[in-house]
Amino acid sequence: MAPDPWLSLYDSTCQIAQEIAEKIQERNRYQRNGESTAKVNVTIRSSLQNLKEKIDHLKDLLLRAVSTRQITQLEGDRRQNLVDDLLTRQRQLQASYKNEGTEPDVIRSSLMTGGVKRGVTNPWLLEESEETRGLGFDDIRQQQRRIIQEQDAGLDALSSIISRQKQMGQEIGNELDEQNALCSAYRTR
């Protein structure tokens, strides 16, 4: 089965967002060291424009897929949440690029890594899973409850099916006992 082009585009868009975040961190490091940031700023600005275009393309493809019923409504909602998360990430990256509130992030990042060290990745800055990206604790708890409710509903349906099969098995067994009794009575004659 060929990979879904929408999901491939989504993955590449997420990769661009991650690269922009890394470039912004690199630019901030250059600023702290008194180095020129002009070249990195041009790259970041270009990448932010590319990110915006890819997100717009994702939205268009999603709208087309939902309107032509190429995907289910549930999958459409899931993908819309992914696009919304990307839009939020784009706004955060744009704000970081404009130096809005980046200094606390830089300080927090250096605290988490034990100071600024070249080539060391901060585990707290790694991407979280798609299911929880952009969600708060209450949202994650609500999502877990919803998943548990769906599992419970599935188990209830399974229990009902198994009960019906048990009842059918007992009725078949009773029918076989009656048929065996009739065959035994017929043979003894």
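Cβ atoms are placed via backbone N, Cα and C, with glycine included.
Sequence-distant neighbours of the coiled coil (41-68) (same chain, 6+ residues past either end, Cβ-Cβ under 8 Å): 5-6, 9-10, 12-13, 16-17, 19-20, 23-24, 27, 76, 79-80, 83, 86-87, 90, 93-94, 97. Per TrEMBL, coiled coil is recorded for 41-68.
Taken from TrEMBL, the feature domain 'T-SNARE coiled-coil homology' covers 145-189.
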Could you give me the DSSP helix, strand and coil counts for the domain 'T-SNARE coiled-coil homology' (145-189)?
44 helix, 0 strand, 1 coil
